[in-house]
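Before any comments, here is the structure.
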Amino acid sequence: MGINEIIMYIMMFFMLIAAVDRILSQFGGSARFLGKFGKSIEGSGGQFEEGFMAMGALGLAMVGMTALAPVLAHVLGPVIIPVYEMLGANPSMFAGTLLACDMGGFFLAKELAGGDVAAWLYSGLILGSMMGPTIVFSIPVALGIIEPSDRRYLALGVLAGIVTIPIGCIAGGLVAMYSGVQINGQPVEFTFALILMNMIPVIIVAILVALGLKFIPEKMINGFQIFAKFLVALITLGLAAAVVKFLLGWELIPGLDPIFMAPGDKPGEVMRAIEVIGSISCVLLGAYPMVLLLTRWFEKPLMSVGKVLNMNNIAAAGMVATLANNIPMFGMMKQMDTRGKVINCAFAVSAAFALGDHLGFAAANMNAMIFPMIVGKLIGGVTAIGVAMMLVPKEDATATKTEAEAQS
């Protein structure tokens, strides 16, 4: 049994615990029947429900872009392919740079990869779980949640996170190379050359984004927000066209992928968008309760991380929450000290969703890549913390130290 299978078994263990809690909550609660242990698992049933209800949000984000993937590859290919080949990289890296793995990046990467499975997985699942989500999701969502005065800390944190994405990608690629990833019994050939050469365009983009966030942060952040709005419009167009094609047979956009199983598809080998979403939700039934219960059971050691990083408990809790979803963390930012704000935003660039949606997506689509993806995301997040600690303005760092001393 490999590490990827072990991770799946652990999540299913937590899924069963959460299912028990949901059942017992109908009759007075887990504590009533299971005593102290029951009290420790209360609330996991609610996370069980959250995991399944995520299907709707996932569908809105994924289905349209998944259907559009071959169309976008056909339109963008003539421009993207020559540029990336000139840099010595596979064109699939374009997809993971701009799109999250679960917002079309994985499927567009496959279309652009030209049959190179390793490059497809490297972009679609490793890069596409770090840079893509930051640009199309995290920054636009954060702007709608955080206080306007915290935008400068968001920019600093994202800057720290972006520049360490290549480190996380290389780490994930090396784990994939040494763990012997296989698809349908066939080995996927990750090589040093592939891992390093495909980082060239990523490093260029990371440097440009970092320079923009350093010198024109407001304009860069607003630019990401505008890009995200256009992306939502494109995804909605694709979703509407795909549904019309499925229900009426009208092909409003030629070349769309089916969103349900089509004639010729082999069950278990080919999964279309709707089935993929269902599979992700099944994984999230266990992933969400797992994060809740591990956070509760290991609260003291997790909170001690905050002391090591010299930030308050709210900031430490935000980092833990980020591993499942970064939206709660952004909601907590106004209660964090300055150092904690920058560190959390930096950590979220790579590490967000590592034990949430991205874990569910990898498990549903390519479970051989679960461990490489998680390792890459965590190393990217941890190294981003180191950079963030150097970027906190001196006057703010002094204020943070005073706040930390007051807490203790």
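Cβ atoms are placed via backbone N, Cα and C, with glycine included.
Look at Swiss-Prot and you will find 1-21, 61-81, 89-109, 126-146, 155-175, 192-212, 230-250, 274-294, 313-333, 342-362, 369-389 tagged as transmembrane segment.
Same-chain neighbours of the transmembrane segment (369-389): 2-4, 7-8, 121, 125-126, 129-130, 156-157, 160-161, 163-165, 167-169, 171-173, 175-176, 179, 181, 309, 339, 342-343, 345-351, 353-355, 358-359, 362-363, counting only residues six or more beyond its ends whose CB sits under 8 Å from a CB of the stretch.
Among residues of the same chain six or more beyond the transmembrane segment (126-146), those with a C-beta under 8 A of the stretch's C-beta atoms are 93, 95-101, 103, 105-106, 109, 154, 158, 161-162, 165, 168-169, 172-173, 176, 202, 205-206, 221, 224-225, 227-229, 231, 326-327, 330-331, 333-334, 345, 348-350, 352-354, 358, 362, 369, 372-373, 376-377, 380. Remark: the transmembrane segment (230-250) contacts the transmembrane segment (61-81), by the rule of 3 or more CB pairs under 8 A. Residues 8, 10-15, 17-19, 21, 40-41, 43-45, 47-48, 50-52, 54-55, 58-59, 62-63, 66, 102, 259-261, 320-321, 323-324, 355-357, 359-361, 363-365 of the same chain, all 6+ positions outside the transmembrane segment (274-294), place their C-beta atoms under 8 angstroms from a C-beta of that stretch. The recorded stretches the transmembrane segment (89-109) and the transmembrane segment (1-21) do not share 3+ CB pairs below 8 A when only pairs 6 or more apart in sequence are counted, and are therefore not in contact. Listed as Cβ neighbours of the transmembrane segment (1-21) (distance under 8 Å, sequence separation of 6 or more from its ends, same chain) are residues 30, 38, 41-45, 47-48, 179, 283, 285-290, 293, 359, 363, 367-371, 374.
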